[in-house]
Amino acid sequence: MTAILERRENSSLWARFCEWITSTENRLYIGWFGVIMIPCLLTATSVFIIAFIAAPPVDIDGIREPVSGSLLYGNNIITGAVIPTSNAIGLHFYPIWEAASLDEWLYNGGPYQLIVCHFLLGVYCYMGREWELSFRLGMRPWIAVAYSAPVAAASAVFLVYPIGQGSFSDGMPLGISGTFNFMIVFQAEHNILMHPFHMLGVAGVFGGSLFSAMHGSLVTSSLIRETTENESANEGYRFGQEEETYNIVAAHGYFGRLIFQYASFNNSRSLHFFLAAWPVIGIWFTALGLSTMAFNLNGFNFNQSVVDSQGRVLNTWADIINRANLGMEVMHERNAHNFPLDLASTNSSSNN
């Protein structure tokens, strides 16, 4: 009899735990994805802070020339970064127990792999948690779909690109100047500025900013007056009110006359879908472009594509970009090789 009661109590305890995890009444929704997300993001954040402050130099190129990235080793907030895992490790899974000692693990950049793996798993679960909460509240799933764009971009620079290039040392460093270094080297090696998917991403980000500013300013400019001149216009809104807070007809009429009639949305739902879809699709394309360039399917090459009747090259902006790319590549990993692979062939050298 005692055993039966104990089983019921245990079952009840597990049921209460499940109910608490999946309850939408909690101040912060946890969810089953949150059970994985919370420890992963806490681990990634903790290790990042410790490594950014105190990690010793890392042999990123695998040539016994460590690069300092932490604050205690001479960097500041701008120059500091968590240095990627060493090229000597390549794509091998490199947890602490795979190293002979903690010093070796730190020297080979083990913290970078630990942070990236936990961070990516954490943001994947955050996206799943968005879907899970939407599902339990009876909402549509588009919040998680929109979040998939930055998740795809993070996956491209932290996971897909290192896989394509054969080493985690090619991943994006976790710091400000390290990010810029990654961008410059990416341009030098893959000519990303001439890749159409990157162009779509630029259109998505800048276009999304423009549309967001346009929408916000139009709404703010066509608020329905509910206050006096001596009160803030924001006081005219009460959370949960049924009445419209701005005049969409006035906003539609203004913008339609400013540009032309069909440039203005007359449907609030389709307008907000467009505001979400434009940057999301653009960033999707950027992530896809990064993932293809990871395997060296690079941007367009229009070098020396214009010649005169005598066969002499007429330089275009493509040739100017190519010269800049070569200069950046010469400075990249200058101690790891004597010259970039582009300059190793006689054809490339003769073109210069």
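Even glycines carry a Cβ here, placed using N, Cα and C.
On its own chain, His118 (chlorophyll a ChlzD1 binding site) has Cys40, Leu41, Thr43, Ala44, Val47 as residues at least 6 apart in sequence with a Cβ closer than 8 Å to its own Cβ. Among the features that Swiss-Prot reports, chlorophyll a ChlzD1 binding site is placed at His118, with the record citing sequence analysis.
Summarising the annotation, Swiss-Prot assigns pheophytin a binding site to Tyr126 and lists sequence analysis as the type of evidence. Remark: Tyr126 (pheophytin a binding site) has Phe33, Met37, Leu41, Tyr147 as non-local neighbours, by Cβ distance under 8 Å and separation of at least 6 in sequence.
As annotated by Swiss-Prot, [CaMn4O5] cluster binding site applies to Asp170, Glu189, His332, Glu333, Asp342, Ala344, with the evidence given as sequence analysis. In this view, Asp170 ([CaMn4O5] cluster binding site) is surrounded by 22 other Cβ atoms within 10 Å of its Cβ, with every protein chain counted. In this structure, Asp170 ([CaMn4O5] cluster binding site) is part of a helix by DSSP.
Per Swiss-Prot, the feature chlorophyll a PD1 binding site maps to His198; the stated evidence is sequence analysis. The Cβ neighbour count for His198 (chlorophyll a PD1 binding site), using a 10 Å radius over every protein chain in view, is 23.
Remark: His215 (Fe cation binding site) has Leu271, Leu275 as non-local neighbours, by Cβ distance under 8 Å and separation of at least 6 in sequence. According to Swiss-Prot, the feature Fe cation binding site maps to His215, His272.
Under the heading quinone binding site, Swiss-Prot lists His215, Ser264, Phe265, citing sequence analysis as support. In the three-state DSSP scheme, His215 (Fe cation binding site) is classed as helix.
Under the heading phosphothreonine, Swiss-Prot lists Thr2.
The N-acetylthreonine annotation in Swiss-Prot covers Thr2 and rests on sequence analysis.
Feature annotation from Swiss-Prot assigns site 'Stabilizes free radical intermediate' to His190; the stated evidence is sequence analysis. Reduced to three states, the DSSP call for His190 (site 'Stabilizes free radical intermediate') is helix. Neighbours of His190 (site 'Stabilizes free radical intermediate'), defined as other CB atoms within 10 A of its CB across all chains, total 22.
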(message) If you compare CA-to-CA distances from Glu333 ([CaMn4O5] cluster binding site) to each of the recorded positions His190, His198, Ser264, Phe265, which comes out shortest?
(response) His190
(request) Give me the Cα-Cα distance between His190 (site 'Stabilizes free radical intermediate') and His198 (chlorophyll a PD1 binding site), rounded to a whole Å. (result) 11
(message) On a C-alpha basis, identify the one among Asp170, Glu189, His198, Ser264, Phe265 that is nearest to His272 (Fe cation binding site); the candidates are the binding-site residues.
(response) Phe265
(message) Could you check which of the binding-site residues His198, Ser264, Phe265 is the closest Cα neighbour of His332 ([CaMn4O5] cluster binding site)?
(response) His198
(request) Specify the secondary structure state of Ser264 (quinone binding site) as given by DSSP, simplified to three classes. (result) coil
(message) What's the number of neighbouring CB atoms sitting within 10 A of the CB on His332 ([CaMn4O5] cluster binding site)?
(response) 15
